[in-house]
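Scroll down for the structure; my scribbles are underneath it.
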Amino acid sequence: MANLEDAPGTGQLRQELTGLQILLIVLSALIGAGIYMTDVDALQLVGPLGLLVAFLILSVIAACIGETVSHLVQLFPTPNAVFEYVYNFVDHELGWVVGFSYWYAWVTTFALEMLTAASITEYWGLNHIAIGVIFYVAVPVLCIVINSIHVKYFGWIETAGGLLKVLLIMILAIAFYAVAGKCEWTGNREQQQYVFLPSSRNSTTLTQLIVAIGRGFVPNPDYTNSTGTAFCMALPLVAWKFGGIESTTMAAFEAKTVGDIALASRSIHWILIVLYFFYTLGVMFTVPWDASDLTSFHPWVNITKAANDSNSRLFGTFDRLDSCNKSTIGVVKGVCNIHRPQDGGPNPDVSGLANFVNAVLLYSVISCGNAALYMASRTLYGLASSERVRRKGISNPVIRYLGSTRPGTGVPFYAVVFSWLIFCWAPFLGFASGGDWPALADMRQFLFFTSSMAYIVVWASLCLAFIRFRSWCNYCANGLRDLDGDSRHHYQDYISKGRIVTKGILPQPLAAWTGLVGCFLLVIASSSVWWNIRPQNGDIGGISDAWSVSVYFLEGFLLVLWAILKVWNGNWNKVWWVSKDRNPSNPEMLRDCIDNLNSAWNKAAEREQQIEESHEFVAWGANGALNGHAAQRMSSARSDLGPTDRGP
């Protein structure tokens with residue numbers, strides 16, 4: 001008897017992940033280049049107090065978004081959840097736009113993680129050809145292979161990797177605190193030099209940091225003299241490291257039980273905030289916020305030096321410099337310069353620690369890239385396999401492949417490969433004939449800021465979806481109670497004033513409103529690069545044209561896409577949001593939305609039980625007994641399903 005999972009037309013994601021696996025997969029997707037890079041950028045842009053305040057503001061927004069997403073995924077653990085929530089509760093066309101935005105956020109994250117991994121190895125002086133082969137070809141192919149195996153094994157790989165990453169980031173934070181207690185800074189922006197020296201009795205990095213915080217916000221004059229502008233510029237930078245806080249929505253459908261979803265979704269944002277807080281403090285202790293030579297803004301590569309060196313091939317420029325200055329990573333430079341004589345070379349006693357920090361960073365960004373590819377592929381698969389695509393009569397073979405899974409594994413292999421192909425060409429831009437280094441730098445900045453904006457768009461849409469869902473349920477409260485009757489659906493569980501079936505810490509809908517308002521403030525703050533800033537001027541800093549253009553580029557593109565879909569679907573003259581039931585006593589529309597969102601999970605649970613029963617059927621058939629019992633239970637499993645299992 002053939003496996004049901006291999007039968008034609010049953011290409012669905014497998015429900016194999018435990019709560020711990022989901023939690024650590026999401027942590028793997030979150031802990032990457034963002035935490036190691038953007039903290040340093042914000043620190044040098046607005047000083048220690050500015051970074052600390054920006055982090056606290058983003059932590060509040062992230063916690064509110066995480067709580068809101070947790071409620072949604074506990075209520076509706078549906079595939080392609082980001083799209084479905086917005087489609088059902090906000091606007092049909094906006095659902096497609098937000099789904100695309102979410103996929104774009106993850107594919108750009110994957111590309112940026114690979115670029116960052118290559119940049120990290122500058123510290124070890126690898127040949128540019130070796131770096132290109134390893135991080136632009138071999139590592140992405142390895143990520144594709146890992147993402148193509150059975151989700152059960154992928155889950156265990158990411159579980160081990162995520163746990164290791166959490167341990168490493170804690171070790172780094174402790175090491176930074178130890179350094180801060182024994183050393184002091186010397187140097188500043190004017191001296192163009194920074195080193196760690198053994199501390200005197202009355203001066204340590206900690207005491208110096210406290211003094212620096214007491215100075216308030218300190219804008220970097222290389223970019224702006226305005227404190228407000230510098231702080232607003234730092235907010236979107238810090239926001240990027242929280243990108244993915246909502247990603248339990250993508251892994252929820254592959255969870256074994258709703259309890260597994262609840263474990264991950266309720267805790268991920270709090271765990272992340274605690275980890276980020278202790279690491280950010282360590283960075284503030286270790287990285288010299290007022291040293292101009294520490295790192296360029298967005299320090300993936302020193303583009304200025306490469307552009308001025310006709311013989312440079314991306315990484316060869318740094319061979320003439322000492323080992324500390326080969327790195328473009330601020331944290332690595334800070335550690336490398338511990339106990340360094342002011343007029344001498346790096347202290348060999350700290351080379352081991354610097355190498356360890358660099359290795360941790362390299363592992364973290366590669367692991368993050370691997371998880372980002374997982375998120376991107378699941379998002380693309382969900383969009384391409386949607387029933388609504390088939391209802392539109394779209395039968396493009398490319399879409400059919402992107403919406404299919406591999407037999408036996410339940411992995412959307414074609415979606416994995418396609419998500420890699422979109423930006424696989426970007427790293428090779430610097431290796432083109434003549435080496436167009438400024439173009440490579442502009443591409444990186446463009447991808448970074450558009451990715452950050454994509455996450456913010458998704459956050460705002462999810463908060464709005466939750467707000468409208470709760471409002472709709474309360475509006476139809478009496479009707480939902482009447483729908484229950486003697487059935488087992490318990491529609492009254494969706495009424496916020498009734499029995500709460502989801503768990504969280506922050507009060508709702510206050511948390512959702514806070515997250516929504518916070519996202520709009522972040523969008524406004526991102527325009528600060530158009531305010532009182534300095535234009536780019538060689539190696540002095542300033543705001544590049546790519547940075548300025550990328551601020552609202554994605555939002556503009558999404559608005560155009562939304563308008564095109566409105567016209568194509570003939571909904572241009574309709575109200576932009578999903579209409580509520582006109583008769584709250586008979587909420588048919590709300591009931592259908594709830595049933596449709598639940599049906600995918602129930603049908604998948606039925607399918608998993610059928611697969612399990614088919615395995616038992618084969619085993620018993622070999623013994624020549626009890627064959628009919630397995631088939632009978634399979635039939636019973638199907639008959640137990642209620643009317644909520646209607647397809648969309």
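A Cβ is built for glycine as well, from the same backbone N, Cα and C atoms used for every other residue.
Caution: TrEMBL annotation is automatic and unverified by curators.
The transmembrane segment annotation in TrEMBL covers 20-37 (among others).
Summarising model confidence by region, the domain 'Amino acid permease/ SLC12A' (22-475) averages a pLDDT of 76. Residues or ranges marked as domain 'Amino acid permease/ SLC12A' in TrEMBL: 22-475.
The transmembrane segment feature in TrEMBL is assigned to 49-74 (among others).
Here TrEMBL flags 94-117 (among others) as transmembrane segment.
The transmembrane segment feature in TrEMBL is assigned to 129-150 (among others).
TrEMBL lists 162-180 (among others) with the feature transmembrane segment.
Residues or ranges marked as transmembrane segment in TrEMBL: 270-289 (among others).
Only residues 6 or more beyond the boundaries of the transmembrane segment (356-376), in the same chain, are considered here, and those with a CB under 8 A from a CB of the stretch are 25-26, 28-33, 36, 103, 106-107, 109-110, 113-114, 116-117, 120-121, 123-124, 139-140, 143-144, 146-147, 154, 158, 161-162, 164-165, 168-169, 171-172, 175, 244, 247, 250, 327, 329, 331-332, 335, 415-416, 419-420. Sequence annotations record features per position, and here TrEMBL assigns transmembrane segment to 356-376 (among others).
Annotation comment: TrEMBL describes 411-434 (among others) as transmembrane segment.
According to TrEMBL, the feature transmembrane segment maps to 446-467 (among others).
Marked as transmembrane segment by TrEMBL: 510-531 (among others).
If you look up TrEMBL, you'll see 546-565 (among others) marked as transmembrane segment.
Look at TrEMBL and you will find 629-648 tagged as region 'Disordered'.
The largest share of C-beta pairs under 8 angstroms with the transmembrane segment (162-180) comes from 270-289, of the ranges 49-74, 94-117, 270-289, 446-467, 510-531.
Long-range Cβ contacts of the transmembrane segment (510-531) within its own chain (Cβ-Cβ under 8 Å, at least 6 residues beyond either end) map to 57, 60-61, 63-65, 67-68, 224, 226, 228-229, 232-233, 235-236, 239, 449, 452-453, 456-457, 459-460, 463-464, 466-467, 470, 504, 543, 547-548, 551-552, 555. Put simply, of 49-74, 94-117, 446-467, 546-565, the stretch with the most CB pairs closer than 8 A to the transmembrane segment (270-289) is 49-74. Proximity of the transmembrane segment (546-565) to the transmembrane segment (94-117) is established through 3 or more Cβ-Cβ distances under 8 Å for residue pairs spaced 6 or more apart. The stretch in 20-37, 94-117, 129-150, 446-467 that contributes the largest number of Cβ pairs under 8 Å to the transmembrane segment (49-74) is 446-467.
Counted over residue pairs 6 or more apart, the CB atoms of the transmembrane segment (129-150) and the transmembrane segment (446-467) come under 8 Å in fewer than three pairs, which marks the two as apart.
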